[in-house]
Amino acid sequence: MPTPSMRCCSMRLAFAVLAVILSSGTRLALGQSIIPKYLDCPSPPPSPAPSPPPSNTTAATKFHDNVLRLLDALPSSTATTGFASLSRGDGGDRAFVRSLCRGDVPAGDCKTCVTNAAAELNRNCSGGGRQAGIWYENCFLSYSDTNASAGYEQTYRQELYNRFNASDTDAFMRTYYALMNRLSTRAVAGEPESPATAPMFATGQAVYDTNAPNGTMYGLVQCARDRTAAECKQCLQTSVAQLPHCCYGHQGGVVLGYNCYLRVEIYTYYDLALDVEPPPPAAAPLPLNEEGHGKKKPDMILAVALPVGTALFIVGILVTIFMYKRKVTQQDDSSNEEDIGFVDLEQINLRLLREATENFSQENKLGMGGFGEVFKGTLQTGEQIAVKRLSKHSSQGFHELKNELVLAAKLKHKNLAPLKGVCVQQEKLLVYEYMPNGSLDTFLFVCGLVDVWKKWRTGLAVDVVDASLTGQYPESEVLNCLEVGLLCVQENPADRPDASAVVLLLGSPNSMPDEARREPSRPAFFFGAGESGSGDAAEGGSSRDALIGDGRSAPSSENVMTISDFQPR
């Protein structure tokens, strides 16, 4: 009897012959045996001591007699459903046989395969062993002295593989695991996936290399139907891991087991129609009319069902959206009040702020920014306040508001307007101390009386310096600083000096000859004191339009703050 290693080598040779056949373009029919038979006939354990010659009625003879009778009955029993499990005898001479056809094999091919396997098993495994198995491509058959899944059956595996390597081994193995795990889950479910297949059987395909001519793998898994779902799952998990363990990177292979079967190839070996989802069940017949003459009324049914169904569907969607938004709003309001509690600020009632600002009237509006509008208000005590109101359309959310609260609460300075309180009831409002003299930016920006660019062009740049500092600074240093500043805000970014040049100009103004110093060009934007749209109007006017690089004027807000028109850098 050939050893397991000899049988494995013969199977590899058979696969090599098969690969040559496939590469030549030959197609084999489904009923043909692509995988040659594989036998497992464990030898009986040696007897510990000589025993007297057995009679014709020994238990061993009775056991094998029962096996032979069961093997004769097995083909007919299997053909109907593709699976059979039979037993005969009592006590120690009782025999159990099982047969399983592949889940997609027709009844006639199944019966033929089981007949041939039974004859082959009887011919080759009659040496006294009490357990044996045989595998063909389309069927499997075994006999034993127990019907339980014994340890030998659970651990037995035989791997057969294609000797050629996959085009992309790593991708092949990743796809292999994903496909086989998916198929195993379907097989463990137990129910047949279509009328053409058996229970505990699944097939499928997956692409592992889109550039290879054979870049699709085809997988098949099956469990014996007398095994539980847990036994099927355990068997397939072991087999899925077993094939890469022995045959990593090969184009395909088979794992044979007593309780389950696994196969993957880069060519088709089952009907691809099995991979198609089963068609939906047929629609129920339309009801008869009241007269009972059997006349159907599809027009009337459709005319009523379609509008009603569509209306209910739309109403359901609208109700769902409304309830969701309402829930989110309620959660936001409650969470906002909770989140704001960590800031040690007075929470002011919304009604009081509405009264103070005359319901946020336009007459009390001080200005507008990215956060929203700012309104002047007067509390019942006579104290004046500035209320910053977050616009509902503002891009600034509650987290930005919370950040501003944290900063405003921590920063204390005489030149910073103190934050007096906050309101997060329905609206998000910040309450500051009112500044009757306006914001600091009014004085900082370059104060409605001077303009650096215009002064520079007319040769009067030193006039931008505060008159109280006259005679207390070197005029050349002031001019140098103004020149560097104007160079850094030129409209064309390519004309602006880099950081190293700025350091050089400020630290060593005389290190660069006059002919190498470039005259500043017009800034990207500037405040035109006395400008009335464009051009150089007389100074001293009241207009505060901001002129941008192309001469257009940008509108200013009522609190004398510009709305910048950004140009790309």
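Here the Cβ of each residue, glycine as well, is placed from N, Cα and C on the backbone.
Please treat TrEMBL annotations as automatic predictions, because they have not gone through curation.
Residues or ranges marked as signal peptide by TrEMBL: 1-31.
What TrEMBL records for 45-148 (among others) is domain 'Gnk2-homologous'. The average pLDDT for the domain 'Gnk2-homologous' (45-148) in the predicted structure is 84.
Summarised by DSSP class, the composition of the domain 'Gnk2-homologous' (154-269) is 42 helix, 31 strand, 43 coil. Sequence annotations record features per position, and here TrEMBL assigns domain 'Gnk2-homologous' to 154-269 (among others).
Residues or ranges marked as transmembrane segment in TrEMBL: 300-324.
Here TrEMBL flags 360-569 as domain 'Protein kinase'.
Feature annotation from TrEMBL assigns ATP binding site to Lys388.
According to TrEMBL, the feature region 'Disordered' maps to 512-569.
Summarising the annotation, TrEMBL assigns compositional bias 'Low complexity' to 524-543.
Annotation comment: TrEMBL describes 554-569 as compositional bias 'Polar residues'.
Taken residue by residue, the domain 'Gnk2-homologous' (45-148) breaks down under DSSP into 42 helix, 24 strand, 38 coil. Using a 10 Å radius centred on the Cβ of Lys388 (ATP binding site) and all shown protein chains, the other Cβ atoms total 21.
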